[in-house]
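Take a look at the structure set out below.
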Amino acid sequence: MAEEKSYKYVIIGGGVAGGYAAREFSNQGLKPGELAIISKEPVPPFERPELTKVYIDLEVNPTLANIYVCAGTGEAKQYPNWYKEKGIDLIVGTEIVKADLASKTLVSDDGKIYKYQTLLIATGSTNIRLSEIGVQEADVKNIFYLREIEDSDELALAMELYVQRGKAVIIGGGFLGLEISSALRANNHEVTMVFPEPWLVHRFFTAEIASFYESYYANKGIKIIKGTVATGFSTNSDGEVTEVKLEDGRTLEANIVVAGVGARPATSLFKGQLEEEKGGIKTDGFFKTSVPDVYALGDVATFPMKMYGGTRRVEHADNARKSAAQAVKAIKAGEEGKTIPDYDYLPYFYSRFFKLSWEFYGENVGESVLFGDNDPKSPKPKFGTYWVKDGKVVGVFLEGGTQEEHKAIAKVARAQPSVESLDVLSEEGLSFATKFYSTSL
C-alpha cells in the first residue's frame, strides 16, 4: 500500500512564491507538522532571479546559500534548518504527477500520496524550448535554458571551461538576454545577442530607452543582431554546438548558447479542474481559485488588477512574493472569521547588469516622456521615462536611481497625478516625482 501523509496546508512548488508563502505562514502562526512544501527541485526555495545575475558571476563565485529566500527582500535567509525549526516538512526532489482536487489528494513521482485541507499552487513557469518554436537541431550540447539551479550550474561550468575563448550567442532580447549577456561579457566571453524585434525588450522599453542600453552594450563589446532568428545549429564530433544558423543566412561561431525565448505557466497538472484565464489559473483578489480551498500564486495566477480593472498574469518575483503573502493572510484570516483587503498590485519590474540598475512602476501605456542623462558614455548615467495617459502619469521608469527616488516614482505610479503638459514634465524630469513624493509624506 502506498505511503500516505496528511497536512493542513500543502504548497506545490519550491520557488520564490513557495518560499515566501512558507515565511508568511510562519509569521501568521504555524503548528509543527501543519505545512508541507513539495518541490521537484532538489534544493530549498531560492531567489530565482539571481540565477541570471550574481549566481553565474565567476568572480563572485556565490553558493546556493547566498540566494535562499528571503534574500531578495533583505530578510533572513531560509536555510534548510529554518524549515525544520518551524516544523515545516520540506520535501525536495519530489514531483507531484497527479492532483485530484475533488478528493484533495496528490500523488508524487515516487508513488507517495499526500492529502491536504488547503492547497497552494506555486508551480511557476517552464521555459519555452527552441524546438517548440521550430528551431532545428535544438537538442545539441551547450544550449542552456535558465530556470532551475542545475541550469545555472551547468552554464557556470561551461563558462569556466571556455574562459578566454568563449563565444556565446544569446537567443532572445528580453530581460534574461540582457542579464545573461552582461554576465558572460564580464567573464571575458565574446557575446552576440540575436532577436527578431526592432529593439531590446520590445514589449516594455521604448525605442529611446532601448537605444541607450544597445549603445551601452556595444561599448562593452557585445554585438546585437536584430530582426532575425536562429533556425538551427552546427556541432562538432562530440555533439557540442559550434555555430548558430540565422534566418537571414548568417552563421555565428558559438560554444555556448543561452536561449531566452519566453516561458509558460506550469498548470498542466490542473487542466480541466480549475477555471483558467489568459494562460493562467483564474483567481480572485485573495488568490482563491474556482475550487474551494485551492489557491494559486505567482506566475500561474491570473488575478484582478484593482488599480486598472480587468485581470492580469504577472511573471515576476515581486508579484510572486506579494501574492504568496496575500494568499496566506487570506487563508489565516478566513480561519479566524476575519477578512482582509483585496490584492492591490502596482506592477513593478527591475533589473541590474554591469554597473546599471533600473526600476519601473505602473503601466507603460500612453505617451512617453524621456528625461535625464541617457548618454551611454556617461560615467554615471541617470535617466528615466514617464508614461502619460489621459493627462495623468501612469508609469515611471528610472535608471540609476537611489532608494528614495525609487520610492518617489512608485508613489507617482500609484497616485497617477495630473500633469500640465508633456513639455513641462520633460523639463521637470525626476524632480516632478521627488517633489510629489515629498509633499505627500
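Glycine too: its Cβ is placed from the backbone N, Cα and C atoms.
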Additional site residue, GLY249, GLY262, GLY272, GLY395 [criterion: listed by Swiss-Prot with PHE175, LEU176, GLY177, LEU178, GLU179, ARG203, GLU315, HIS316, TYR350 for NADP(+)]: GLY262
Residue in GLU197, GLU253 which Swiss-Prot records at the NAD(+) site where GLY173, GLY174, PHE175, LEU176, GLY177, LEU178, GLU179, ARG203, GLY262, GLU315, HIS316, TYR350 also bind: GLU197
Lowest local Cβ density among GLU41, GLU179, ASP299, GLU315, which the record lists as binding-site residues, within 10 Å: GLU315
Subset of recorded positions (GLU41, LYS53, GLY262, HIS316, SER418) lying within 10 A of TYR350 (NAD(+) binding site), CA to CA, in sequence order: HIS316
Spatial neighbours of ARG321 (L-ascorbate binding site), counting only the binding-site residues VAL16, GLU41, ARG147, GLY173, GLY262 and Cα distances within 10 Å: VAL16
Lowest local Cβ density (other Cβ within 10 Å) among binding-site residues: GLY14, GLY173, GLY177: GLY177
Of the binding-site residues listed as GLY14, GLU41, HIS316, the one whose CA lies nearest the CA of ARG203 (NAD(+) binding site): HIS316
Reduced DSSP assignment, TYR350 (NAD(+) binding site): strand
PHE175 (NAD(+) binding site) - helix vs strand vs coil (DSSP): helix
